[in-house]
Amino acid sequence: MSFCLTELHLWSLKSTLHIADRDIGVYQYYDKKDLPVSAAEHGNLEEKQRLAESRDYPWTLKNRRPEKLRDSLKELEELMQNSQCVLCQWKSKHICQLLFGSGVLVSLSLSGPQLEKVVIDRSLVGKLISDTISDALLTDSFIILSFLAQNKLCFIQFAKKMDSLDVNKRLEKLSALDYKISYHDIPGPATRTVDRHLAINSTQDLAVCWWPLLSDDAWPWTPIASEKDRANMLLLGFTQGGLEVLSSVRTEWNPLDVHFGTRQPYQVFTVECSFSVDQEPMADSCIYESVRNKLHCVSVTRIPLRSKAISCCKNSTEDKLIVGCEDSSVILYEAHRGVTLLAQAELMPSLISCHPSGAILLVGSNQGELQVFDIALSPINIQLLAEDCLPKETLQFNKFFDFSSSLVHMQWIAPPIVFQKPKRGEICDLLFLRFNRGPLGVLLFKLGVLRRGQLGLVDLIFQYIHCDEVYEAVSVLSSMNWDTLGQQCFISMSTIVNHLLRQRLTPEREAQLEASLGTFYAPARPLLDTTVLAYRDPVGTYARRLFHHLLRYQRFEKAFLLAVDIGARDLFMDIHYLALDMGELALAEVARRRADDIDVESVCSGVELLGPLDRRDMLNEGFAGSALTPEGGNPFPDLLPSSGSTPKHTIQQKIPNGPSNRRAIERKNEVMEETEEEEEEEEEAAACTDSSVATTWDAEGELREDHRRQDTEDVGSLRMVHFGLV
């Protein structure tokens, strides 16, 4: 079984942490001034210390000048006890900045999971109009602050720009940057305590300030409130001297999250908590576009939920939206397929964080629990490094604290695209954790050396195949987009197909093979022509291998339908000779006739007919035609469970209705010109099957029955439900 192996590193010197000496996967810092403990209480503490030092994990912190790391960490822990952290931002993989409500700016320097330097900057303390900061934006050129009680924004501009590549300069204090402070009035409630949030685009020339909607009866001091005052989302621009409000809008529903697009810097993405006509909870994924410094809503996608949304997150490519609900359900909406997946978490999903690679997502609760899902919402077990291998569905952090401390923030340690682009092949295995009133820490994912520390989609599928969890691997492959991840999709598909072709063919594995190849041949949306041209030949090779695999297990009907789509004469001749050996004379005659037809067509055209070039658009007619299954058995189960196991999660997929943009492709050479030939083929097809109902698998792996009447162009009762090879 696949599971995540982790280590927990808490940056704390407090003795209130309850970490046993046998917890070899949990580390903290120890103070030299601590009294020695008895050997009976901590019998293995010395062995754990030797283990930590052998891995270059410091057991005690040094206090040398000028850093004085031990004293700085104690000061940071005291600050977290008395002030609220309003911003946690990773400038790079090694630099983290924390801003507290009192104006204290803390910079952390990391080396792996360990602290190297802590710089506490109090330059802004006492210089602001309020010590109740709501949110902040930190860049190399300026800082923007919003306040809870003041209807103003603070703009702090630096005369000297910090060098993004110089780590030492990044840890310098603000006083060395010669900054200038200015304040700007903004619309909205003036005498109300409101959480005003901030977001900035990747080009750093636009920003938004937003807050939750207020009720209409909250304006007793003004008889009529203007539309500008009723707005809850502001578009901000930068001038020579500071900020200006370019546009203001009022969202239709209460926003849960607002941010700029990473690929579209002038589009604002919002997630709003809405209700349907029947008062059912929903989530609206909206896109606002900035046109001539005005915000306009250009798109709204409504996602049905089981209960009210409390958290949300998007993947790095912004084509998947994950929503956590009050009933512990997790909803994942895939934009490129137009489907919705559902899973039930073992905790309250108050926090959601998606890995930068898009392979896994983490769901956390305020009670200090953590659960891992893959991008298809299959749960992945997790455990801390220990002597025994006992992975569980959730990871509990509260048991390490003698006091009640809730998990309030978690984030993968990776630089945002706003500041620098992630390097290709860069390892991302650290999850930053912040607990209310402390401590801080990281969760280190030990990914191993075979995958070079990577945690991508291909790496996840390799691990699933290694553990023979084919169902989970196929689900991840189905969630991938061939148009944007073509090479990764092909590697993943070939890995799954190769694994299945090495094993004995069963109805379950046959369905898994069809679902894997169906991600290319039967996508939910037609693939781009460039994608089809790039991968049709290598994927077609695996289709031929599947054909011979079907013949090896005497699956003549499926092999015949596959050969029809490939359109190669040698495949029909293989069926012909094998059918003769098995005594299937009717099938042998049909296959021979098909081979002769291909010969005639190739002679007339002057080239060998290799199959239709644009038959991918006909895959909705079905995939692998089980109307030709033997009597007394259905080759497809209701689900696609992995071999020897059943899926532990529930996936609900919904495809919104909409007009199809598939082109209708006429199939040639399917209708015989003479009525006598049609009757002969009807009799021969009847020898292969007597079923008129086709059971097919759609692109999402859901079983469906096709009761559509056969076209008059079909050959007798032999329903041609094809792969649609390109």
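Placed from the backbone N, Cα and C atoms, the Cβ positions cover glycine too.
Taken verbatim from Swiss-Prot:
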REPEAT    305-343  repeat 'WD 1'
REPEAT    344-383  repeat 'WD 2'
REGION    642-717  region 'Disordered'
COMPBIAS  642-660  compositional bias 'Polar residues'
COMPBIAS  672-685  compositional bias 'Acidic residues'
COMPBIAS  701-712  compositional bias 'Basic and acidic residues'
Taking residues 6+ outside the repeat 'WD 2' (344-383), which of them lie with a CB under 8 Å of any CB in it?
1-6, 25, 310-317, 320, 322, 324-326, 328-330, 332, 389-398, 401, 405-412, 414, 422, 428, 431, 435, 443, 454-457, 459-460, 472, 475-476, 478-479, 647-651
Could you count the residues of the repeat 'WD 2' (344-383) that DSSP puts in helix, in strand and in coil?
0 helix, 22 strand, 18 coil
Per DSSP, what is the helix/strand/coil residue tally across the repeat 'WD 1' (305-343)?
0 helix, 23 strand, 16 coil
